[in-house]
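Reading through the structure tokens given below for one structure.
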Amino acid sequence: MAFRFHIAAVILTLVFAIVCASDPSPLQDFCVAVPDANATVFVNGKICKDPKLVKPKDFFFPGLNKPGSTANPLGSNVTQVNVNQIPGLNTLGVSLARLDFAPYGLNPPHTHPRATEVLFVLEGTLLVGFVTSNPGMNMKNKLFTKVLNPGDVFVFPQGLIHFQFNQGKTDAVAFAGFGSQNPGVITIANAVVGSDPPISPDVLTKAFQVGNDAIKKLQSQFWWDNNYNP
């Protein structure tokens, strides 16, 4: 009986830890972010504005109908609309983004550490996919991929590496919803070979099973960030 009790306690502890790691539910109607260190209410990394001072503009963002510039080596642009653009999103656990693609443009493999993503294609044709984590012994990470056309929706589970590629000859546009007011983004190539200071080549040559020259070449080039924060 004591053993079962300890097992139950461990399970409850793990569940509690998972719950605490997610975006907290607000304890008030809203918590508009304000850069004021002297304010008295602090929720989920942001200071709350006094409700009496909240304005409609705190819940507003204009211009998402305008395409982002894809004139970069990736041929893509992600216009983020999260709590940093709409302060009223603070504690509400949602945000969105507009994704623009030139022909053969790529939103490279990346992760959102704090959010699941739901992608809706408005124009064009996108090849999308995500890779599973923690495969079993002698197993490979599984790729889930799909070609999306206008009107199609695809889900990328929280934290998993995923990508979107415009395989058509015309521009493509998509909109993404996230289960966090601040989903975060880690672009794999930028983080691994473009960090500052750089990761030791001894680490990367062993991780990628390539020569030192290949790693130095990758680390020496400029790594483009296609995420635009208005």
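Just so you know, the numbers here start at 1 and follow the chain as drawn.
Any Cβ shown, glycine's included, is placed from N, Cα and C.
What TrEMBL records for 1-21 is signal peptide.
What TrEMBL records for C31-C48 is disulfide bond. C31 (disulfide bond) has a Cβ environment of 27 other Cβ atoms inside 10 Å.
Taken from TrEMBL, the feature domain 'Cupin type-1' applies to 62-216.
For N107, H112, E117, the entry in TrEMBL reads oxalate binding site. For E117 (oxalate binding site), the count of additional Cβ atoms within 10 Å of its Cβ stands at 24 [all protein chains shown].
The feature Mn(2+) binding site is assigned by TrEMBL to H110, H112, E117, H162.
When the alpha carbons of H162 (Mn(2+) binding site) and C31 (disulfide bond) are compared, the span between them is 31 angstrom. Distance from the CA of E117 (oxalate binding site) to the CA of C31 (disulfide bond) is 23 Å.
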